[in-house]
Structure formats: C-alpha cells, structure tokens
Amino acid sequence: MGVCFSAIRVTGASSSRRSSQTKSKAAPTPIDTKASTKRRTGSIPCGKRTDFGYSKDFHDHYTIGKLLGHGQFGYTYVAIHRPNGDRVAVKRLDKSKMVLPIAVEDVKREVQILIALSGHENVVQFHNAFEDDDYVYIVMELCEGGELLDRILSKKGNRYSEKDAAVVVRQMLKVAGECHLHGLVHRDMKPENFLFKSAQLDSPLKATDFGLSDFIKPGKRFHDIVGSAYYVAPEVLKRRSGPESDVWSIGVITYILLCGRRPFWDRTEDGIFKEVLRNKPDFSRKPWATISDSAKDFVKKLLVKDPRARLTAAQALSHAWVREGGNATDIPVDISVLNNLRQFVRYSRLKQFALRALASTLDEAEISDLRDQFDAIDVDKNGVISLEEMRQALAKDLPWKLKDSRVAEILEAIDSNTDGLVDFTEFVAAALHVHQLEEHDSEKWQLRSRAAFEKFDLDKDGYITPEELRMHTGLRGSIDPLLDEADIDRDGKISLHEFRRLLRTASISSQRAPSPAGHRNLR
C-alpha cells in the first residue's frame, strides 16, 4: 500500500503489494509475482464488510485539500489538522476496492509497519488511522522535498559527491537496520521510495513506501520475487531472500549516487536479472578512477552476491566511508551479530575452540564493526558485557523472546574464562562473520585460518592430532567426539582443509536453527 507522500510529485504509488506500481521515469515496472489470480467471490467487497478497528471521526480532525497522487485503491491528499492547522499527508483507501481478504490484510500490515517504525528519524511519521463506512484514512507526515531520484537527476552528471552520497546512504542504512530489528524486510529499497522532508539541501531523508514490506520469522526465507528490477538482489531471483536483500538494494543505490549509472542494466527485465545473477559491477569506467578506494570497497561489500558474505546494515554503518561524519551512536545493534551469539551456544566444543583461535588472529581494523557492536551492547562502558547487558541486547531483536535462563546459557558458552562476563575477545569469537572474512579477502582468509590452525598443530606437521587437540582444549576424557566432527576422511587427525571446513560450516547439531518459541506472528 505504499504511497510516496510528496507535495511535488508522486512516483511509484501503489495501494497494493499484489499489484504493479506506477512506472517511474528511471526504472522498469516493479515486479511482484504475488499477484492474486482469485476471482471475486461475493457481491460485498471484503473491505466493506471489515471493521478495521480504527477511529471513526476523521472529519472531526482533518480537512482534505490538494490531491498528491493515487494508487489502485485510493488517493493521497494534503490535509489540514483542524485543531492546529498543521499540514499532513492523508492516504484515503476505498473499501469497495478491497475485494479480497488479502487487500484488507495489506492495509492492516502497512499501518502495523508504520506504527512499529514510528519515531525513527528517517521514516515518515505515522499520526493515526481512521475509517468510515467507505474509506480507510492513513494520516502521516507530509514530505515536501521531493524524491531522492529527482535530486540525483538534478545533479551534474546525475551523481552526488562522495560526502553527500555518504550522508544519504547512512540514512537509508539506518532505516534498513531498524526494519531488521523489528523482523521486517523492506523488499523495495529504491530512490523513488525515499523523500526529503523539505527542499533544504540538508533535509533529512524519509522512507515512505512500505507497500512490499513484510515481516519474516527468524531463520525463514521469502520464496516469492518482489521488488524493482534494477535493485533486486540475486537471492530474491533465486527465491530464497531475507533482510540481506535490502542491503544489496542500498548498494545499487550507492553505485548510482556515485557514478550516475546503474550497475546492472539491460533493455529487458530478463536481461537485467541475468546481469544481476552473473556479472559484477563495473568499476573501470569513468568516473570510478576519481572515486576513493574506500567508497569502492564499501560498494563492493554491499554488492556481494552471496548474502551470507554481504555486509549487514549495521556493519555497513561501521564502514569507514559511510561513517565519516557520522556518530557511533547511529549504529544499531546488528541482528546478524545477535544471531551469531544465539548460535554459538549450539556449536560443538571444537567449533567454539576453532572460532576462538580464528578470532585471536584478527587485527582491530578487521573487526572494527564488531568493536562498534560490543560498545553498543556494553551500556555502562566498563569494557565487559554483563548478563543484564546481554539480555537487553538480545531483547532488541524483537521477533525473538528468550527466557532469562536461555540468555544465561548463551553468556556462559561465550564466557571462556568463566568470570561471568564477556570481554571483547570472547565476544569476537562468538560474533564473527566467517563467510565475510573469506569472501572479502581470500588471501587474508588463507593466512588467518592457517594461523588459527597452527595454534592447534603444535608440531607443525600439517595435522591436528588427538593429543594436540587434548592439549589445546584442556578437555579430559575421550576426545573422539570432537575429532569425528572435523575428521572427514577418517584418518584420525584433522588437516588444514578439514579445519577450514569446520570454520565455514555450522556444527552438525546446529545446522537447523529453530525459530524462537513464542515468536509473535506479526502477519
């Protein structure tokens, strides 16, 4: 149901996630294979039969004025708040056009999303929802600065300076990070869906269109193809997408901001999809030679085709290029870090030891994003994470509801020196993104993983023997269960290849991460 609430122009407006959105001047028709094929099943539309539970006194509070734009189910207007004269945007949705239950669900979901994100500085502010016998009214902040797309096109060469681009990208990443903490994936990040609050050059950017957005349960994936062709991530086309797809889209936008061209282009949508799946962005053409290495590194790490190796929104906010001029307090807790902390307790003892060894080989520059995450969780800034701070951090990943006993179990697994606290070294071992380390710098991965291996391989013969494993871990009793997990060829010892495989893959006991008990079904 997303509508761009611009007092200048409305592009890509749509009242239904199941319908095509209006074409924009710089993008092909957004795709949505969820389009319903059901026939109308009754003389009274579902919308007319539904009480949405919203207030019934819209006209007592607002006077509708100038038309801004329209979608499939209704129109968007400027309206005046009667008590104080404030100008707002009102989307008026026609109940008679909500024929099927899915259309009603879409309206309710959009309101739910706007309420969930209410208060975020880079999301259009939700004021209220009303209804009467004929319409649903969604009242929001009015943005009068125009679309991000229009500002791009107004720039010389259709591109931003690096400094200005970083400011814009930082705001989009903050929106994505906030969405992901709420168990929400935007699914249609593109310049047309961001508006400026005002025409001022330093106006804040606002995300306005959540028409394709959806809640997702932890560990689950979307299996449909939605979004806009130029910005769609490879995993969306493979029908296995999640929050990572939003970061890919922001990577595409960043590429456009910096050079004025799309990274993946063809004359047809099928051609675009093939480009997305097969090719890498071109950094050899003008003006990339004049763009900083830091900016190029940032874009490349967002446009990694493997979603496991792609930066998360929170990690991207820690990157030197986008962080310059920003504050550490802008960086939200990273859902992938929280997931890694939850998973660490499920890993075998051997994998926990291996990850600790790998973490000890990394320098500060390689784990700067994890330093930001540690500092965000360490509320009292005493250099360690307490049980209460761990509980507060894990609670920020809203779809999960962990019992205190489970939080204590997680902290105990991470706390290798058993002092009841998690220091930074222990935190890195549990929070590390191994796939990213391998993808972003394969040579460094080879060196780091070998160095970790050699912490076990005391005689440097190229294998970890049972006795070396026992000496490193300090474990008593049979070492066979640990050895068996990594010893793929069953020769009674662990090679470097087998050790790297252990680092890359979750242990056998944790390959199926369960959805949290008591997960709130937000749909």
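Placed from the backbone N, Cα and C atoms, the Cβ positions cover glycine too.
Annotation comment: Swiss-Prot describes Cys4 as S-palmitoyl cysteine, evidence class similarity to another entry.
Annotated domain 'Protein kinase' per Swiss-Prot: 62-322, in sequence order, evidence recorded as sequence analysis. Looking just at the domain 'Protein kinase' (62-322), the mean pLDDT is 94.
Residues or ranges marked as phosphoserine in Swiss-Prot: Ser228 (among others).
Swiss-Prot lists Ser318 (among others) with the feature phosphoserine, giving experimental evidence as the kind of evidence. Of all the Cβ atoms in the protein chains shown, 22 others lie within 10 Å of the Cβ of Ser318 (phosphoserine).
Summarising the annotation, Swiss-Prot assigns region 'Autoinhibitory domain' to 328-358 and lists similarity to another entry as the type of evidence.
The domain 'EF-hand 1' feature in Swiss-Prot is assigned to 365-400. Residue counts of the domain 'EF-hand 1' (365-400) by helix, strand and coil are 22 helix, 1 strand, 13 coil (DSSP-based).
What Swiss-Prot lists as Ca(2+) 1 binding site is Asp378, Asp380, Asn382, Glu389, and the listing cites sequence analysis.
Tertiary proximity for the domain 'EF-hand 2' (402-437) is limited to same-chain residues at least six positions away from its ends with a CB under 8 Å from its CB atoms, namely 306, 308-311, 315, 336-337, 340-342, 344-345, 352, 355-356, 358-360, 362, 366-367, 370-371, 373-374, 377, 383-387, 390-391, 394-395, 444-445, 448, 503-504, 516. What Swiss-Prot records for 402-437 is domain 'EF-hand 2'.
The domain 'EF-hand 3' (444-479): residue composition by secondary structure is 21 helix, 2 strand, 13 coil, according to DSSP. Residues or ranges marked as domain 'EF-hand 3' by Swiss-Prot on the basis of sequence analysis: 444-479.
On its own chain, Tyr463 (Ca(2+) 3 binding site) has Asp457, Lys493, Ile494, Ser495 as residues at least 6 apart in sequence with a Cβ closer than 8 Å to its own Cβ. If you look up Swiss-Prot, you'll see Asp457, Asp459, Asp461, Tyr463, Glu468 marked as Ca(2+) 3 binding site, on the strength of sequence analysis.
Per Swiss-Prot, domain 'EF-hand 4' is recorded for 482-509, and the stated evidence type is sequence analysis. Nonlocal intrachain contacts for the domain 'EF-hand 4' (482-509), taken as residues 6+ away from its ends with a CB within less than 8 angstroms of a stretch CB, comprise 343, 346-351, 354-355, 358, 434-435, 438, 449-450, 452-453, 456, 462-466, 469, 473, 475.
Long-range neighbours of Glu498 (Ca(2+) 4 binding site) (same chain, six or more residues apart, CB within less than 8 Å of its CB): Ala486, Asp487, Ile488, Asp489. Taken from Swiss-Prot, the feature Ca(2+) 4 binding site applies to Asp487, Asp489, Asp491, Lys493, Glu498, supported by sequence analysis.
Residues or ranges marked as phosphoserine by Swiss-Prot: Ser495 (among others).
Sequence annotations record features per position, and here Swiss-Prot assigns phosphoserine to Ser515 (among others).
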Of the recorded positions listed as Ser228, Ser318, Glu389, Asp491, the one whose CA lies nearest the CA of Asp461 (Ca(2+) 3 binding site): Asp491
Counts of helix, strand and coil residues, the domain 'EF-hand 4' (482-509), according to DSSP: 16 helix, 2 strand, 10 coil
Residue from Ser228, Ser318, Asp459, Glu468, Asp491 whose C-alpha is spatially nearest that of Asp378 (Ca(2+) 1 binding site), among the recorded positions: Ser318
Cα-to-Cα gap, Glu389 (Ca(2+) 1 binding site) vs Ser228 (phosphoserine), nearest whole Å: 40
Remaining residues near the recorded Ca(2+) 4 site, that is with C-beta within 8 Å of the centroid of the site residues Asp487, Asp489, Asp491, Lys493, Glu498: Tyr463, Ala486, Ile488, Arg490, Gly492, Ile494, Ser495
Among Asp459, Glu468, Asp491, which are recorded as binding-site residues, the nearest neighbour of Ser228 (phosphoserine) by Cα: Asp491
